[in-house]
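Read through the structure below, which is laid out as structure tokens, and then see the notes.
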């Protein structure tokens with residue numbers, strides 16, 4: 001608040017202005033990026049103070065109400081009424097008009113004295129199939145009506161949720177390839193050549209760093225792959241549609257890496273396969289977000305669906321525990337570990353919850369974000385040193401390399 005404008009945000013804002021409503025009359029030649037916003041701002045700031053009153057912002061929004069999405073107009077008016085100082089600076093003005101929501105944006109909305117008076121998004125009629133899908137995703141993932149409306153108006157499906165779809169397709173492709181080459185699709189992990197694959201994490205080959213990540217493309221069998229794929233698509237894709245590939249990809253990959261590192265520390269003789277670390281990170285973050293915002297989440301049958309999700313996760317975890325302690329088909333190497341599931345859950349209820357609770361907010365402004373990032377970094381460093389020194393110091397007998 002009150003900072004002098006910098007050209008960077010204004011340039012970025014104008015790039016996005018192509019798809020939001022034009023607030024100035026059409027002209028033969030579009031003004032430069034900075035001038036586009038500055039000219040409009042200066043109309044209400046003739047003294048060049050760098051501030052305009054919230055009353056003038058209301059006048060601006062009222063005069064251009066026909067060119068603004070009604071939901072965005074409600075949010076902007078609510079923000080204008082919530083400023084205790086009675087003024088809005090140029091940078092805030094740019095952020096508002098370009099959909100850039102600062103960390104204080106939501107707080108200003110929630111603390112504002114103006115209540116949104118229009119009907120809820122769920123009550124709107126006459127929506128086409130794609131609009132109903134976007135609305136459904138909004139109610140599945142976001143706990144506040146103000147966020148749901150903002151997402152509904154802003155979502156353009158560009159880019160699409162490519163990360164989760166790409167990862168899922170790669171996992172299915174690798175599974176089918178292994179199934180054909182091994183001649184086995186159920187419990188592939190019991191095949192004697194299964195662990196020879198260069199993607200599997202194996203304790204004897206832990207110095208090959210890529211294995212801490214690539215093990216997600218190998219699954220114990222079709223029963224293992226099936227549940228992971230279903231959860232990735234039903235939970236991961238909607239979350240990516242709302243929060244973006246960067247954030248959801250970060251939570252997913254952090255869960256994957258934490259899973260393999262957790263196995264290397266807590267189950268040192270076992271290999272690891274499957275994407276359960278990343279899947280459990282996303283699902284546990286989503287479930288925790290629902291519980292923490294129970295009254296605000298308006299998804300249908302949420303209690304029943306939570307129960308079904310927990311049952312499915314418990315069955316998959318139970319299968320992994322059973323397989324781990326089942327007599328191995330290739331002694332002395334045990335079957336894959338289940339500890340990766342727990343590593344994913346730990347990431348989900350820490351980093352994942354912070355990401356999901358801060359829709360379109362700057363994570364670097366959240367103190368909890370930095371606390372959990374520091375905790376994750378400490379764990380990774382500890383696990384790296386553990387892998388370097390502990391196996392030798394403990395004189396652990398590892399299974400032979402595949």
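Even glycines carry a Cβ here, placed using N, Cα and C.
Curation plays no part in TrEMBL annotations; they are all automatic predictions.
If you check TrEMBL, you get these features:
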ACT_SITE  276  active site, nucleophile
ACT_SITE  341  active site
DOMAIN    32-67  domain 'EF-hand'
TRANSMEM  248-266  transmembrane segment
TRANSMEM  272-291  transmembrane segment
TRANSMEM  303-325  transmembrane segment
TRANSMEM  337-356  transmembrane segment
TRANSMEM  368-394  transmembrane segment
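For the residue listed as 'active site, nucleophile', other Cβ atoms within 10 Å of its Cβ number 32.
Per-residue pLDDT, averaged across the domain 'EF-hand' (32-67), gives 66. Cα separation, the residue listed as 'active site, nucleophile' to residue 341 (active site), rounded: 6 Å. Around the Cβ of the residue listed as 'active site', the number of neighbouring Cβ atoms within 10 Å comes to 25. Tertiary proximity for the transmembrane segment (303-325) is limited to same-chain residues at least six positions away from its ends with a CB under 8 Å from its CB atoms, namely 189, 220, 223-224, 227-228, 231, 235, 267, 270, 276, 280, 283, 287, 290-291, 334-338, 341.
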